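S.K.: Just dropping this structure here.
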Amino acid sequence: MITSCLECRRRKLKCNKSHPCANCVKFTRDCVFLAPALDQASQLKLTEIKEKVGSLERLLERDVAKNAAAAPLSSSQDRALPGEEDDDLPANEDERDLEPTPLAVVDAAYDEYGEDDDLLDLGIQLGKMRITERIGGFFRPKISQELEFTMADTFMSGNKEQDEGRALPASEWLKPGPAYIMPSSGFFFGGTGSQNASLIDFLPSRLAADRLIKQYFACVHPICQIVHRPTFEREYDSFWDEVSLGIEPPNSVQTIVFAAMFSAVVSMDESTIIRDFGVSKASMIDNFKLGTETALGRANFLRTTKIETLQSFVMYLIPLCRSELSRAHSVLLGAAIRMAECMGLHRDGETYGMNPLETHIRRLVWHQLCFLDIRTCEAQGPRPTIRRDEFDTKLPLNVDDIEIQASGKPPASADRWTDSTFSLIRFEVNEMMRTIWVDRPRIERRKISLTAVLSKIETFRNNMAARYDHLLDETIPVQKCAKVVKALLLSRLHIMVLHRYHNSVVAPMPDRLRNIMLASGTTTLETAVALETLPELQPWSWYAGAFQQYHAAFLLLMEVYVYPQRKEADRIWACLDWIFECNPEETRRVKGRKILSELQQKTAVYQSMRGMRAPVQMEKHVGQREPRPSPAPTDAPLVYGPGGIMGVPGPSVGRVPLVPGVVFAGSANGESLWALPNSQSPEASSDSASGQGHLPPAVPPGTDDLMADIDWDAFDALFPPDQQVDLDTSGFLPGVGPY
């Protein structure tokens, strides 16, 4: 060990080790000795600081290298999707113990005695909401027990005997809704039963077909673009010319014409079909569904290499995969994805030197498959089939159909509303959802921090606003619809990340994150209701079930049930009454209890019929946190929206967590379900006391710290306390208020 002062060491002099030493006194130098060795705690702190500095240095070096080496990309290939530059954002030291809820897992298992009726895949119907055992893509086999435990021995218990007396038979709430369309039995194996049927058996008159094609381009093509309109119209005219001459059109042309008419019928309402065609909608759907399946079977869709046949197959799947999906839908989509990969659609057409028209069609088909992949994954699991690093197919150009030609160079992407803009918005948000599916397990494995994922979402939201907001004119109905759908899909992103961390068995979620999650849930609910109720959006409401299934309603139901005097209660109940078809003459407290009791009873029956198996380790976590009776609800502000939490000092927001007594049951399509704060929650007290007198519970050593994965300095930079989650969705739902 060196004990000489620094000056003697530098000059190689003998130091007498006094302070100051003789040499430094003689030559009037500053005598400086090294400090004694750091203790263990100080050494760990120094190592942590060095690691953070090193992480920032590597991030800076990578950014500089990217900026220097990356060639400037054309605007047509820019994406709103954020890169990986946020992945290295340092995590706060209290992130180390973060764990998601143990009550939700990715993989499912079932008993042998469980019923395998295809309709059980659809789950439980409750008002306009459909819920299964897989919520938000995660398998929750104990959902009934979670809800039963939540309601037991609290002021929510209600009159159990009276509730059970009103229960409907299972056949009533397990049956499919009007949006459910089941593929024909044996279609996948070519056994539709109509392989030898004549085309004329399914084909309507030319006048009726023209009406359906007009409907397709008015109500399907703008939001689910998958064809090039000029090309399709030429093929459609040629199709009828050949039919009039008694010549059978090519099989691939038959498939795309019937798929377009099938989609058009699905998008029409019952009264319009009866008025224009004089038959019921169900009979029209059956006719054109069977006609499309027959045409696909004749075209050998499982063995084809023709892009038009695959395009028709995806067109057939679009109206099938909406709000109610069975595993049959998921299997068909899996086949379509594998067929597309075998045909090389996961590689961009420019790679093969294809012309602009072929490239455009391939991009549309591939990204429609990407959207359906996420939708079926959320409904039936277990995880997305398509992985982001396994395809390089670019997004379609933001151009009108008439600008794309088979010859010449591709047009430049336009900075205005085009035929492709609506679909582009959907495709971009869908890829961000795919990124979140990848990042969620990375958070659990400590490969990325929660702060970094939230930063990605905020970057993406800002990019989407800069890219598309100025293109949307609310006075034009289809553009207003695009704005509503954009707000709806973006509002789901925060909940997809946060919902699994809201029901930790030990520690509660901090106010700031709960604020974000509730704000996003409110926006999801109100935009969803607007999409289905505004008259000007009615032509495109047929596809609303593909975007969400109203599970966020439970989150808001619990808030206004526990705290009925909140100023936002009128807005929230306006949505809840419509979603759950409540009796307007009953009090809100009675309506809320009825909904929750009904859900618990139905999930118990469904769980038994389904034969769900839970992991052994999950059993000990059910009911681990005992709910406590809540005092009479007080006039407390809702903990979301700009302004944060009233009564809580600004600097403490986000660092003084709530103490809920029960848990959220999860999320469907990224939407949170329910929560019931107990009497220890700051929100269970009055406004004036909400920020004081309630310390967060001590976390026992070795247990989970729920919100440990938050770098609050980075979080405050992303979400300023006075500007949190400023979701600009005002004006979509008249009479409910801005949101």
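Just so it is clear, glycine is given a Cβ too, placed from its N, Cα and C backbone atoms.
Remember, predicted model here, so these are calculated numbers, not experimental data.
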S.K.: Any idea which of 69-100, 133-164 is down as region 'Disordered' in TrEMBL?
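M.R.: Of the candidate stretches, TrEMBL labels 69-100 as region 'Disordered'.
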S.K.: By DSSP assignment, list the helix, strand and coil residue numbers for the domain 'Zn(2)-C6 fungal-type' (4-33), in that order.
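M.R.: Result for the domain 'Zn(2)-C6 fungal-type' (4-33), in helix, strand, coil order: 11 helix, 0 strand, 19 coil.
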S.K.: Taking all residues of the domain 'Zn(2)-C6 fungal-type' (4-33) together, what is their mean pLDDT?
M.R.: 89
